[in-house]
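Colleague: This structure is in structure tokens; I'll ask about it shortly.
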Amino acid sequence: MTVAADALSAPLRAGAEALGLDLSEAHLGQLLEFLALLQKWNQVYNLTAVRDPQEMLTHHLLDSLAAVAPLQRHLRGMQDLPGSAGDGAKLRLLDVGSGGGLPGVVFAICCPALDVSCVDTVAKKAAFIQQAAVSLRLRNLRGIHARVENLAGPFDVVSCRAFASLPDFVAWSQAAIAANGVWLAMKGRDPSDEITGLPPIAEVFHVEQLAVPGLDAERCIVWMRPRKGAEAGADGVGGPALP
């Protein structure tokens, strides 16, 4: 472990505890390894504009960890839901525009029973995800170099963080979401204007406020689901309509 990682261990542990996360030593170690890997690759591939390790911890790692408990809560209720991609099997998450693996890699570390695919249109970013999967020994993680519009599902959760407007996010990923799946969009301020502009194929069922340890900024998750009775195709979502 690098000196920088040693210095970040205590604030990472404290931040995870503040978020109510019961992470094992192995998970904490993987998160620190991921942060070190992100720093290393960022020197060459410009994965993120944030360079300072402490800022990376707060603005990226803890920011992503803030969504883990809400995600885990939803996964518990989805495992045996008819029409889900899981339906008794491993649930699947697609992280759109994953960039440097945020939050996709964090989700894969903290939710080992979840199958995580990170898609990005930039080849070097997808390659970084693949390297992270190998380096961190994450069999439930893979990077995909593609446009999300070209991916077929079904995925139980389709997530994004600082990716695009909600209407574009929903429109581009609609073919990938399971009939009883959810969209998890990590946002800053409550995006009321974007919510108003959502296409009829999706409905918001919860805007969940987040508090990120050490970060004085507004954060929230906009939870959405396919609207009941929506049809597949250009004006609907992939998969069968909800019952």
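Here the Cβ of each residue, glycine as well, is placed from N, Cα and C on the backbone.
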Colleague: Given that Swiss-Prot annotates Gly97, Leu102, Val148, Glu149 as S-adenosyl-L-methionine-binding, name the residue from Arg137, Arg139, Arg161 that shares the site.
Modeller: Arg161
Colleague: List, in sequence order, the same-chain residues at least six positions removed whose CB sits under 8 Å from that of Glu149 (S-adenosyl-L-methionine binding site)?
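Modeller: Correct list: Trp172, Ser173, Ala175.
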